Amino acid sequence: MKVRAQVPTVKNATNFNMVADSKTAVGSTLENLKAAIAGETGAHAKYTAFAKAAREQGYEQIARLFEATAAAELIHIGLEYALVAEMEPGYEKPTVAAPSAYSCDLNLISGANGEIYETSDMYPAFIRKAQEEGNSKAVHVFTRAKLAESVHAERYLAAYNDIDAPDDDKFHLCPICGYIHKGEDFEKCPICFRPKDTFTAY
């Protein structure tokens with residue numbers, strides 16, 4: 001993802017359209033925030049399990065990618081939970097059962113499929129509803145999550161294609177929006193403009 005002149009938003013970017021055959025059940029913005037938290041919670045658990053499996057199968061770099069992405073999902077959960085807590089004090093985050101993990105290549109495809117769904121279906125639908133309700137905070141949070149998820153999908157597909165040809169590159173996680181950069185050739189987050197020296201390396 002290239003750094004733009006301004007932070008990308010639904011107003012200045014053209015990749016916020018929603019798929020025609022949407023599988024997302026859209027409710028109120030509060031309900032959508034809760035649904036997003038549930039989805040991100042499941043993703044965090046899944047990627048944590050996938051990281052463990054990748055390491056056991058000898059894919060150290062891919063294990064670090066799964067760990068970075070699991071941490072990114074925690075960032076999204078925190079942002080979404082903060083909004084829910086404002087709207088519904090006392091709300092408790094959901095829990096999920098420990099997921100299964102499979103061969104590393106299949107885990108990467110599973111991860112990519114989930115990230116593509118969130119990028120092309122779930123978050124665009126939630127952004128649209130938040131706009132209708134005039135909830136600018138939710139639009140902001142959903143937008144940053146959507147943009148980060150598209151990069152997560154890209155990272156998973158690249159790792160899948162190069163599974164037998166790993167390199168030594170580290171993954172760098174933005175602490176604000178969950179963007180993940182591979183390698184050292186960047187100065188700031190292209191989504192929220194956070195400087196490189198605040199990122200966490202995996």
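Cβ from N, Cα, C; glycine included.
The following features are taken from Swiss-Prot:
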type	residues	note
BINDING	GLU40, GLU73, GLU118, GLU149	Fe cation 1 binding site
BINDING	GLU73, GLU115, GLU149, HIS152	Fe cation 2 binding site
BINDING	CYS174, CYS177, CYS189, CYS192	Fe cation 3 binding site
DOMAIN	23-168	domain 'Ferritin-like diiron'
DOMAIN	169-202	domain 'Rubredoxin-like'
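Taken through DSSP, the domain 'Rubredoxin-like' (169-202) splits into 3 helix, 10 strand, 21 coil. Cβ neighbour count for CYS189 (Fe cation 3 binding site) (all protein chains, 10 Å cutoff from its Cβ): 28. Excluding GLU40, GLU73, GLU118, GLU149 themselves, the residues of that chain whose CB lies within 8 A of the CB mean position for the Fe cation 1 site are, in sequence, ALA36, GLY39, ALA43, ALA72, HIS76, GLY114, GLU115, ALA145, ALA148, HIS152, GLY178.
Sorting each residue of the domain 'Ferritin-like diiron' (23-168) by its DSSP state yields 112 helix, 0 strand, 34 coil.
Sequence-distant neighbours of GLU40 (Fe cation 1 binding site) (same chain, six or more apart, CB under 8 Å from its CB) are GLU73, LEU74, HIS76, ILE77, GLU80, ALA145, listed in sequence order. Counting only residues at least six positions away in the same chain, the Cβ atoms of ALA148, ILE180, HIS181, CYS189, ILE191, CYS192, ARG194, THR198, PHE199 sit under 8 Å from the Cβ of CYS174 (Fe cation 3 binding site). Here the binding-site residues are GLU115, GLU149, and the one ringed by the most other CB atoms within 10 angstroms is GLU149.
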